[in-house]
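**Student:** The structure's right below; bear with me while I get my questions together.
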Amino acid sequence: MVARTHKTQLSDPFSLVLQPPPNETPAERQKRVELEQEQKRVSDQIDDELRKERTDKKKRSRREVKVLLLGQSESGKSTVLKNFRLKYAPTQWKAELRSWRAVIQLNLIQNVLTILDLMQDRLALLDSPTSSPIDAPAFTPSPYGRTSMDSTLSEITMAPPGRSNANITLTQKHRVLNLRLSPLREVGDDLRRRLGASDPEFTFANGSDGAMNGVLDDAPTYKCSREFGVRGWIGALGLPLNATKKADEPMPIDEATEILATLRDDIISLWQDPDVRELLKAERVRIEDRPGFFLSDTARITSRTYIPSDNDVVRARLRTLGVQEWRITLEQSSDAYMIAGDAFGSEWVIYDVGGSRSMRHAWLPYFDAVNAIIFLAPISCFDERLAEDPSVNRLEDTLLLWRAIVASPLLKNTTLIVFLNKCDLLKRKLQSGIQVNKHMISFGTRQNEVGTVVKYLKDKFKDIIRADSNGPRTTYLYATSVTDTKATAATLNIVRDGIIREHLKHAEFV
Ligand SMILES: Nc1nc2c(ncn2[C@@H]2O[C@H](COP(=O)(O)OP(=O)(O)OP(=O)(O)O)[C@@H](O)[C@H]2O)c(=O)[nH]1
Ligand SMILES: [Mg+2]
């Protein structure tokens, strides 16, 4: 038996390597043994550290509350994340405010370029000797939109586009403004490059490159200024380097800041021009309802000493690409729940995802790793089309997404929270006379007012839960306008407590 073992050991090439050298002297032996002991000590120490790290990670993971933000593009996911950071990690938030200057400047420039593009088209039309009424683009319903419909969703209709031919008076003044503001195109490109926003993946299947959502159902044109997105805010905003500066320390006056300061009066004059307003109205472009609208703040933002405020950053638009993981330690320890000596609820991991269709495949791996999903449903978009596929109504897309989430077996134990978002925009739209039942026939003769619309849509979301959920579940629905930071802070408190309570229930702590 012994002989066999010995033979096996000798025939094992690995054992052979480990054999002491032949003719080893006692001194050599002692040195070798000491060396081996030292190596074993180091190896044991590494094993201990790895074990401790694994235990710490497991412990930390048990303490962490993980939340996934879902919803179509421009639904307000990143804005919820910003609100969360503003409320629960204010020191870090304040330190980062200044880093948003370039994003907000670019938002403002894009507002201007949207107008310039429309103005140039009109001017070209006036210059053309054969100018005639403009044909509306052909309207082809998408197979995705139509075949996916069921009785709940089938009554969202899309009006075919048609351009208004209102008589707009564009004069020499507009040509001059167009010329004077043209350097902003280059400044915009520079800022995009600086933010690392030129991502080749950022092209939709229909060939558009980062077009904005928010094209109205009956808008005559799909033309919008290009949107921009970045893989991670951290890199784009130059963090953490920028965050080491004092919040009120003056910022360097770079080229974009200087050019914007020089063009301040021209931008204001463009936005206040009555003919420009008429043109926007005729083209049915509600620029003031679009993400990243800053034209009303031009005087402040074009100042050479401009530093973004909380509200500016919350309203800034920076499209998310892929999945971004945010680890947030709540600053107030009173926000944590003490459980078995652990401060539960003070560490949050929030996954902020890109919402456009081409990015949704990246959501799935996070489904079984989170405690809760906050689903953003932008309910003001009942009369808008999807940028990725202009034949699909945005509200219809949102309801289809919600149904897929509710029906997913991977999510059957996940707490679902719905934010019926952009209620402020909904209110403005309804007040401007837009009729919901023109776009959603099933709304019928109900009152065209925000409370009624919110209730109607809440019921639609609940109907889908009843019809498609894998068993009964608690779902929380809130009407929100997440650019209102005060109201959102209150909602987030309720949501935070709800998520923790549900989590504890699942963990059988209560
Ligand atoms: N008026 C208004 N604007 C909102 C509201 N919620 C979000 N926004 C704005 O809408 C724009 C889009 O919001 P985001 O949070 O960037 O949207 P998102 O869902 O992260 O979009 P993706 O990153 O493309 O998936 C931003 O400019 C926000 O300021 C709201 O309730 N009211
Ligand atoms: Mg986002």
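Glycine too: its Cβ is placed from the backbone N, Cα and C atoms.
Look at TrEMBL and you will find T320 tagged as Mg(2+) binding site. Taken from TrEMBL, the feature GTP binding site applies to N421, K422, C423, D424. Residues annotated as compositional bias 'Basic and acidic residues' in TrEMBL: 26-56. The region 'Disordered' annotation in TrEMBL covers 1-62.
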**Student:** May I have the DSSP-based helix, strand and coil counts for the residues of the compositional bias 'Basic and acidic residues' (26-56)?
**Tutor:** 31 helix, 0 strand, 0 coil
**Student:** Would you say which of the binding-site residues T320, N421 has the most Cβ atoms within 10 Å of its own Cβ?
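**Tutor:** Neighbour-count leader: N421.
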**Student:** How long is the line from the C-alpha of D424 (GTP binding site) to the C-alpha of T320 (Mg(2+) binding site), rounded to the nearest angstrom?
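**Tutor:** Just about 23 Å between their Cα atoms.
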**Student:** Are there residues of the same chain, six or more positions away from C423 (GTP binding site), whose CB falls under 8 angstroms from its CB, and which are they?
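**Tutor:** In sequence order, the residues whose Cβ lies under 8 Å from that of C423 (GTP binding site) (at least 6 apart) are I379, S380, V450, V454, A479, T480, S481.
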**Student:** Does K422 (GTP binding site) have same-chain partners at least 6 apart in sequence with Cβ under 8 Å from its own Cβ, and which are they?
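**Tutor:** Long-range Cβ contacts: G76, P378, I379, S380, C381, S481.
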**Student:** With every protein chain in view, what's the tally of Cβ atoms within 10 Å of the Cβ of D424 (GTP binding site), excluding that atom itself?
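**Tutor:** By my count, 17.
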**Student:** Could you say whether, by DSSP, N421 (GTP binding site) belongs to a helix, a strand or a coil region?
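**Tutor:** Where N421 (GTP binding site) sits, the three-state DSSP reduction gives strand.
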**Student:** In Å, rounded, how far does the Cα of T320 (Mg(2+) binding site) sit from the Cα of N421 (GTP binding site)?
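**Tutor:** It is 18 Å, counting Cα to Cα.
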**Student:** Give the helix, strand or coil assignment DSSP yields for T320 (Mg(2+) binding site).
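**Tutor:** For T320 (Mg(2+) binding site) - judged by DSSP and reduced to three states - the answer is strand.
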**Student:** Report the residues of the chain - excluding N421, K422, C423, D424 - with C-beta within 8 Å of the mean position of the site's C-beta atoms, for the recorded GTP site, in sequence order.
**Tutor:** G76, P378, I379, S380, L420, L425, L426, K427, A479, T480, S481, V482, T483
**Student:** Please list, in sequence order, those binding-site residues from T320, N421, K422, C423, D424 with the Cβ less than 6 Å from ligand 2.
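**Tutor:** List returned for ligand 2: T320.
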